[in-house]
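The structure appears below as C-alpha cells.
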Amino acid sequence: MATKFPKFSQDLAQDPTTRRIWYAMAMGNDFESHDGMTEENLYQKIFATHFGHLAIIFLWASSLLFHVAWQGNFEQWIKDPLHVRPIAHAIWDPHFGKPAIEAFTQAGANGPVNIAYSGVYHWWYTIGMRTNTELYTGSVFLLLFASLFLFAGWLHLQPKFRPSLAWFKSAESRLNHHLAGLFGVSSLAWAGHLIHVAIPESRGQHVGWDNFLSTAPHPAGLQPFFTGNWGVYAQNPDTAGHIFSTSQGAGTAILTFLGGFHPQTESLWLTDMAHHHLAIAVLFIVAGHMYRTNFGIGHSIKEMMNAKTFFGKPVEGPFNMPHQGIYDTYNNSLHFQLGWHLACLGVVTSWVAQHMYSLPSYAFIAKDYTTQAALYTHHQYIAIFLMVGAFAHGAIFLVRDYDPEQNKGNVLERVLQHKEAIISHLSWVSLFLGFHTLGLYVHNDVVVAFGTPEKQILIEPVFAQFIQAAHGKVLYGLDTLLSNPDSVAYTAYPNYANVWLPGWLDAINSGTNSLFLTIGPGDFLVHHAIALGLHTTTLILVKGALDARGSKLMPDKKDFGYAFPCDGPGRGGTCDISAWDSFYLSLFWALNTVGWVTFYWHWKHLGIWQGNVAQFNENSTYLMGWFRDYLWANSAQLINGYNPYGVNNLSVWAWMFLFGHLVWATGFMFLISWRGYWQELIETLVWAHERTPIANLVRWKDKPVALSIVQARVVGLAHFTVGYVLTYAAFLIASTAGKFG
C-alpha cells in the first residue's frame, strides 16, 4: 500500500480526516517533531537546506540578469539614466486587447513590458556593467554557481559527507569561518571588485576579462602599499565636475574619505565605498581570529561566559553580568540561535531601509523616486516579519529548550524572575504613548474641523532638531557641535585637515536629498504614533515569550507546548494565552506600525520630490489630513487605472489594489467566525455533494472536518497580511509612478 502524506509522521498519516493534510502542512518545518528524528540528523538536514537556499538566491539573481539582458533596455538606459525608464521584462498576455498593448508598450520598447522598480539597473551600472553581454555572462556564472550549491546540498546528505554533531557545535570554528571567511573575505573581494573594475569604469576606462590582469587600478601600483605610504591612494580624487562613466573630471584616487555625494549621480563616492569595504574586511578578518580553535590560542567563549570577572576584576552580586551556563544554552538550542539571528537580521534590514534612501550608494537611484519608495517599503516590511519571528522562536526556546537548572542565577533567569516589571513597564509606555498621541491627533482634528486650525496643539521636536544640528544641520540656528564652526567637533583631528567634513556638511544642508530631513510638529506626532506601535508590538511579543513557560493563571503552560487554543472549559480563561497567540496578535500590530512608518516616509518624500513640503507640514498634524491628503488624494490615479474610456499603464496596479482589498477582507471571515460554524457548513456541503448527480461520482477518502481554532487563525492572518501588503504595494507604486514615471 502506498504510504500516505505525510511521511514524517505515522500518527498523522493514519488520521482518517482532512486534519491529516492541514496538520502535515503546519508540522512540515517542525523537524524536531518528526518521527525518528535525532539531534545529529536535525543539524545535518538544516545544514543541507542552507545550500538549497543559497542556490535559490543565485538562481533568482541569475534570472534578473538574464531577463534584463534578453528583454530589457540596459544599454539604452545607461546612456540616459535620468529619463529612460528601466524595463524589467516583457509581458506576454493573450488577454490583452489593443488599448492594453498600447498602454504597456512603454520605455522605448516595441511590445508590452514591465518597468523595473527594484534598482538593479542602478546597481549593475554602479558596479561597472555596461553591456548586455556582461549581464548574460553574469547570469550564466550565477546559474553554474546555483548548480554547484545544489550539488553541495545533495552531497552533504550522503552518509560519507554528513558532518558530525561535534562539528556543528564547534562555535569558535564557526565564528572563524563566518567572520573571517565569509564576511571578511567577501568584503575584501568586493573592495577588490570596486577598485579594479567599478572605479575604472566610472572613469570611462573599460575593464573586462580581456584586460583586468594588465590594467593597474592606480598609477603608482603597489609601491605605496608596500612602503606604508598609503595616503597616495587617497590623493587626486574625482572632482565635483566629474561626469560618471567618463574621464571628464576624473581623478586617480582609489581609497578616499570625501564624505557626502557625487554631485552628478547624487550617490556616495565609489572611492569612499571601496575604502569602507576594505576597512570592514580588515576588521572582520581580525575578529575571526580572536577565538580559540585548533591552535590553543585566543578566547574560549565558554570560559568568557562562565567567568565572573570584568576586565580581570572579580564581580559578584546584583550588578555583575552573570552569563554562566549561557554558552551551553545557546549552543544546544537551535531556537535560541534562530531567535538571535532573526533579531539581528531584522534590525539590520530596517537599518538598510533607512540608509538606502538617506545615503544612496547606487548612481542616479536617488532620482528614481518609485524605486526609492519601493525599496524602503520592501525592507521595512521584511524587517517586521523577521523581528516578529525572532520573538516567536525565542518563545519556542523557552517552552522546549530552556533548562532552569543550567541557567541558575544568569541573565536569562533574571529576566524571567522580573518579568512582571518588564511587562508592566511596556504596558505603561504603550498606554502613555497611545492616549497622548491619539489625544493630540483627535484634538487637532476637531479644531480643524470646526474651522479654527490655529487652536491646534503643535509641538516642535526640539530634541531631534538638536541632534540634527549636532550633526551639522544649520537650518534651526542651534549652533552646536558640527553646526558651529568654532566647536571642538568641527576643529578636532582629523577635521582640521578637511577630511570628509566639507562633503558631509554640503550634503546635510543641501535640501535636495533625504539626509536629515527638516522636521516639525507633524513629524513629532507621527514619530510618537510609530513609537506607540513599536512598543505595543513589543509588549505583546515579550509578554508572550516571558509567560510561555507559565503564568499565575496557568503555571503548567509549558506542558501544553508552544501553540494550544484553550485547555477546555474546566480551566476558564486559558484561551488566547499560548505563546503562539502572542505571535498571532503581535503581527497585526506589527503590520499596523509598518503601515504608519511607510505612510509617513512616502508622504513626506512626495512633498520633497514635488517641491511642495508645505502639504505634509500643514496637514500631517490632524487625522483628516492623513486620510484626505495622503490616502485619498494619492489613490485617485490608482482607481482610474481603467475606466469606461479604456486603460492606462496603471491598470495592473488598480486591479491589484482591488484584489488586495478582497484578500484582506477575506481574512476577517476566518478571524471572526469560529470552528463550529465551519464544521456545520462543511457537513451541509458534504450532504449536498453526496446527493448531487455527477458531482457525487467524485469521492474522497478523508472525512472533511473544519480547521482547528489555531489553524483558522493562521489562515485569517495569512489573508490579512497578504491582502495588506498587496494593497499598499499597489498604492505606493502607482501613486509614485503616476506622478514621476
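Any Cβ shown, glycine's included, is placed from N, Cα and C.
Counting only same-chain residues at least 6 apart in sequence, those with a Cβ under 8 Å from the Cβ of CYS566 ([4Fe-4S] cluster binding site) are THR574, CYS575, ASP576, ILE709. Classification of CYS566 ([4Fe-4S] cluster binding site) by DSSP places it in coil, neither helical nor stranded. Taken from Swiss-Prot, the feature [4Fe-4S] cluster binding site applies to CYS566, CYS575.
Sequence annotations record features per position, and here Swiss-Prot assigns chlorophyll a B1 binding site to HIS661 based on similarity to another entry. With a cut-off of 8 Å between CB atoms and residues at least 6 apart in sequence, the same chain places GLY723, THR727 near HIS661 (chlorophyll a B1 binding site), listed in sequence order.
Cβ neighbour count for TYR677 (chlorophyll a B3 binding site): 12 (other Cβ atoms within 10 Å of its Cβ, all protein chains included). According to Swiss-Prot, the feature chlorophyll a B3 binding site maps to MET669, TYR677, an assignment based on similarity to another entry.
Neighbour density for TRP678 (phylloquinone binding site): within 10 A of its CB lie 17 other CB atoms from the protein chains shown. The phylloquinone binding site annotation in Swiss-Prot covers TRP678.
According to Swiss-Prot, the feature transmembrane segment maps to 46-69 (among others), an assignment based on sequence analysis.
Swiss-Prot lists 135-158 (among others) with the feature transmembrane segment.
Swiss-Prot lists 175-199 (among others) with the feature transmembrane segment. Beyond the transmembrane segment (175-199), the same-chain residues lying 6 or more positions past its ends with a Cβ under 8 Å from any Cβ of the stretch are 126-128, 207, 212, 215, 217-218, 254-255, 270-271, 273-274, 277-278, 280-285, 287-289, 291, 293, 301.
The annotation transmembrane segment is assigned in Swiss-Prot to 273-291 (among others) on the grounds of sequence analysis.
Tertiary proximity for the transmembrane segment (334-357) is limited to same-chain residues at least six positions away from its ends with a CB under 8 Å from its CB atoms, namely 42-43, 46, 366, 372, 375-376, 378-380, 382-387, 389-394, 396-397, 400-401, 514, 601, 605. Here Swiss-Prot flags 334-357 (among others) as transmembrane segment.
Within the chain, the transmembrane segment (373-399) has long-range Cβ neighbours (under 8 A, six or more residues past its boundaries) at 117-119, 333, 335-336, 338-343, 345-347, 349-350, 352-353, 356-357, 416, 537, 541-542, 544-546, 548-549, 558, 561-562, 579-580, 582-583, 586-587, 590-591, 593-594, 597-598, 601-602, 605, 725, 728-729, 732-733, 736. The annotation transmembrane segment is assigned in Swiss-Prot to 373-399 (among others).
Among the features that Swiss-Prot reports, transmembrane segment is placed at 421-443 (among others).
The transmembrane segment feature in Swiss-Prot is assigned to 524-542 (among others).
Feature annotation from Swiss-Prot assigns transmembrane segment to 582-603 (among others).
Residues 100, 103-104, 635, 637-642, 707, 712-713, 715-731, 733-734, 737-738 of the same chain, all 6+ positions outside the transmembrane segment (650-672), place their C-beta atoms under 8 angstroms from a C-beta of that stretch. Positions annotated as transmembrane segment by Swiss-Prot: 650-672 (among others).
What Swiss-Prot records for 714-734 (among others) is transmembrane segment. Long-range contacts of the transmembrane segment (714-734) within its own chain (CB-CB distance under 8 A, at least 6 residues past either end) are made by residues 26, 117, 370, 373-374, 377, 381, 584, 587-588, 591, 595, 598, 602, 634-635, 637-638, 641, 650, 653-654, 656-657, 659-671, 707.
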For MET669 (chlorophyll a B3 binding site), which residues in the same chain are close in space, meaning a Cβ under 8 Å from its Cβ, but six or more apart along the sequence?
GLY716
Quickly jot the same-chain residues contacting the transmembrane segment (524-542) by Cβ under 8 Å, restricted to those at least six beyond its ends, or write none.
384, 388, 391-392, 422-423, 426-427, 429-430, 433-434, 436-437, 440-441, 459-461, 464, 582-583, 585-586, 589-590, 592-593, 596-597, 600, 620-621
Give the helix, strand or coil assignment DSSP yields for HIS661 (chlorophyll a B1 binding site).
helix
What is the number of other Cβ atoms found within 10 Å of the Cβ of CYS575 ([4Fe-4S] cluster binding site)?
14
